[in-house]
Amino acid sequence: MPLLGLLPRRAWASLLSQLLRPPCASCTGAVRCQSQVAEAVLTSQLKAHQEKPNFIIKTPKGTRDLSPQHMVVREKILDLVISCFKRHGAKGMDTPAFELKETLTEKYGEDSGLMYDLKDQGGELLSLRYDLTVPFARYLAMNKVKKMKRYHVGKVWRRESPTIVQGRYREFCQCDFDIAGQFDPMIPDAECLKIMCEILSGLQLGDFLIKVNDRRIVDGMFAVCGVPESKFRAICSSIDKLDKMAWKDVRHEMVVKKGLAPEVADRIGDYVQCHGGVSLVEQMFQDPRLSQNKQALEGLGDLKLLFEYLTLFGIADKISFDLSLARGLDYYTGVIYEAVLLQTPTQAGEEPLNVGSVAAGGRYDGLVGMFDPKGHKVPCVGLSIGVERIFYIVEQRMKTKGEKVRTTETQVFVATPQKNFLQERLKLIAELWDSGIKAEMLYKNNPKLLTQLHYCESTGIPLVVIIGEQELKEGVIKIRSVASREEVAIKRENFVAEIQKRLSES
């Protein structure tokens, strides 16, 4: 039977006859009633919309705009960080801002609840990336890469309570450096700590300390203290809060909320208060409980070797073996570390800024294998720089000192004291641009000279080239120093070379 659309011919004929039939009185009344109801609803909605208070324009909670002033400071920080990564031979890369939700789940322990999920898109469940490490591991497994040294700068998203006054956001930038591949023990790990020291020293944020531990030592400590293996990750997450909470509060969480026996928590407390240098590593080798745990001994052996390399790098004095460091993320398997500022540069009488850790990282040898169909592992170690917190510290320091920054890099301004000289200015600025010189001009046919000079002073442009009737007649260009207000006349054909000379000397 032939079809019209999806209905047989007879069905279409029946439907059309009903639609074309004149309406009865009851139907007409019902239609009129429905029309009145719809009109009333629409009127109510419009009225409610009109009575609605003015819309408040703002950024979403936990996010912020970056002004040109902020971007100048941020770019300087990122340039320093990236140049350090490149100095150590890293290659740049990027991954999508969102991943399949399955890629990210079960990688972050209790923090998995902080991921931002996206609405279903064509049958795929997606989440915004929580960090840059898991996407990197997925990339290695997907492309069967066995060895790589990479850096990655990008935004990540976490649905946590933001503390913007301390540089904590829901959307923030991370700068990661990672070494993937099978190498001799602790050599890549030592380089990561060296990079961390170079960056924090270069940023001149003040004195800092890098805490180190090993997840095998943490797990061994839990085992000898009597923590059930099923509670290892949950208790690890509690220990990770010791940088923000007092021991009594962490103990309360472990005992009351996570069901740990009080005597077990007390045994853990004896360990997590220990911190020191390589001598503490030696001391833990002799510990009557830890020395009986194979995992802990492996971790202590690697830390001893690590301190040997750190001494050769000249940074051992910046490193502290700290048994309270746990790093709550599930994917860490070996050495872990975290950098904290001991004091930030502040004026006398001011409280030091407390922003928590400014860099962290560790070894994650099993993460790539989670994505490989055959479970092939690619050992990895890396670090992440907390750009937002560092930026907050630098920003506060500049505010305290009253420092200002230039928002442009313009070197030369093209000006005129007379009307109808737009074409000449366009010729001059084109020559400057073509010579690689950063130049600007006002987008007006007849700008006032005073306005042009004031613009240079307010934006920090060092040089002005001036073209007018007299200069055009004599075949010269005036070059003016904004700082000294001195002017010299240079032949038209030599003015670019003269500017390049002055810029190279400044």
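Cβ atoms are placed via backbone N, Cα and C, with glycine included.
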ASP131, LEU132, THR133, GLN174, ASP178, ARG327, TYR331, TYR332 bind L-histidine per Swiss-Prot; candidate in ARG87, ARG158, ARG289 listed for that same site: ARG158
Feature N6-acetyllysine, as given in Swiss-Prot - residue among LYS444, LYS478, LYS491: LYS444
Rounded inter-Cα distance in Å - LYS444 (N6-acetyllysine), SER67 (phosphoserine): 26
Count of other CB atoms lying within 10 Å of the CB belonging to SER67 (phosphoserine): 10
THR133 (L-histidine binding site) - helix vs strand vs coil (DSSP): helix
Densest Cβ neighbourhood among ARG327, LYS444 (recorded positions), 10 Å radius: ARG327
Same-chain residues at least 6 apart in sequence whose Cβ lies under 8 Å from ASP131 (L-histidine binding site): TYR108, VAL156, GLN174, ASP176, SER384
